[in-house]
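K.L.:
Pasting a structure below so you can have a look.
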Amino acid sequence: MPSPLFFHVDLDAFFAAVEVLDNPSLAGKPLIIGHKGPRSVVSTCSYEARTYGVHSAMPMSQALRLCPQAICLPGNMKRYSAKSKEVMAIIDEMAPQWIQASIDEAYLDMTGTERLYGGAREAALLLKRRVRQETGLTISVGVASSRFIAKLASDYRKPDGLTIIPEGMEEDFIDAVGLEKLWGVGKVTCAKLRGHGIRTTRDLRSMSIGRLKDLFGEAQAAYLYKVARGQDPGIYSTESRSHSISAERTFFPDLIEKEAIELYLLELSQEVGWRSMDEHFMARTIGVRIRYPDFTTVSIQTTPDEGIYNSSEIYEWARRLFWQKYRGGGVRLLGVGLYQMYSGDEVEQGEFFKEDAERRRRLERAILDMRRSGAQIQRASSLLKDSQERLK
């Protein structure tokens, strides 16, 4: 039986990279994707902006103080979605099994493909080459025997990196990464560990699971115990792509501000909405997933009386579900998913009366077609405002 082999593919500074691809004069300049409003937050930024300390979910006012020369762009989710689809199509051709985790990342199960490609390195290099040649974008790839190590490896050398962790070398790699940069271990957790004399991943491995539970609770203790040993903590979704469409974002630092939370709910709603529309699917069920800093993860779903048609509806439901389930405090991960998918041609009886929703979906379909031809559309903020007005 072949050994497990996973790739984690991460598009490098994806939104900013697409903007540079469409406007090469922006190359090498600090770019911030997001609106300049007083309560706005950074959606993402280029590597040039990151050198000034700018990062995702940072208040825009703070980002512009750190990097006043930055070029701010409102973002174009429809364009990003189209480029993401190009990359995912290449992945679909090369990987026997894969899961799209978000608009800019995917997990590939490449187990048993060594004969097909000549080895993991050869397969990863071919994937990187195809993405660059066919889309104009770069990806960083992590290769390992588990999804967790593969994800950590993809972030080890960025941008345009390739990091392969041979089976049996997971603990050595974890030690090289270091406790502070270990994916999923935030500043608060590190500070608490240091308070108990734990300063390295080796120190963390020396702690018993019982002691970790005393300090952090059961969920976070189990996570720390496994990741310190390079083991997959089992936090990855394995839902079939054919029956659901979902997107998630992980945040460091955690999301706290209401405006930031709702911005990312909007982006995730738009992402799954445009993906479902592009694949001619509708959904009967919508769900929201929340992970807190202590790694407690909760989910909530609802099945409306009628099918979910468009990005605006998805956002409205996602927003309601989030605030219904939210316990307060920081948010480490946020996800929006559509389930019980069915063909858009299979309009249920009763849905003919959803004239407003149907008009909105036709408008979004027209926008998608216009975007593919380069036409401009409304900004994300207008959809957010429209949705908020409808919820009042």
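Every residue gets a Cβ built from N, Cα and C, even glycine.
What you see is a predicted model, and the numbers here were worked out from it, not measured in a lab.
Heads up, here are the entries from TrEMBL:
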type: DOMAIN; residues: 6-186; note: domain 'UmuC'
type: BINDING; residues: ASP10, ASP104; note: Mg(2+) binding site
type: SITE; residues: PHE15; note: site 'Substrate discrimination'
type: ACT_SITE; residues: GLU105; note: active site
K.L.:
Let me know the DSSP-derived helix, strand or coil state of ASP104 (Mg(2+) binding site), please.
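P.N.:
ASP104 (Mg(2+) binding site) sits in coil per DSSP, no helix or strand.
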K.L.:
Any idea what the Cα distance is from the residue listed as 'active site' over to ASP10 (Mg(2+) binding site), rounded to a whole Å?
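P.N.:
Given the Cα positions, the residue listed as 'active site' is 5 Å from ASP10 (Mg(2+) binding site).
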K.L.:
For PHE15 (site 'Substrate discrimination') and ASP104 (Mg(2+) binding site), determine the Cα separation and express it in whole Å.
P.N.:
9
K.L.:
List, in sequence order, the same-chain residues at least six positions removed whose CB sits under 8 Å from that of ASP10 (Mg(2+) binding site)?
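P.N.:
ASP104, GLU105, ILE139, SER140, VAL141, GLY142, LYS151, SER154, ASP155, LYS158 - these are the non-local Cβ neighbours of ASP10 (Mg(2+) binding site), listed in sequence order.
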K.L.:
For ASP104 (Mg(2+) binding site), just count the other CB atoms lying within 10 A of its CB, please.
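P.N.:
Taking all protein chains shown, ASP104 (Mg(2+) binding site) has 25 Cβ neighbours within 10 Å.
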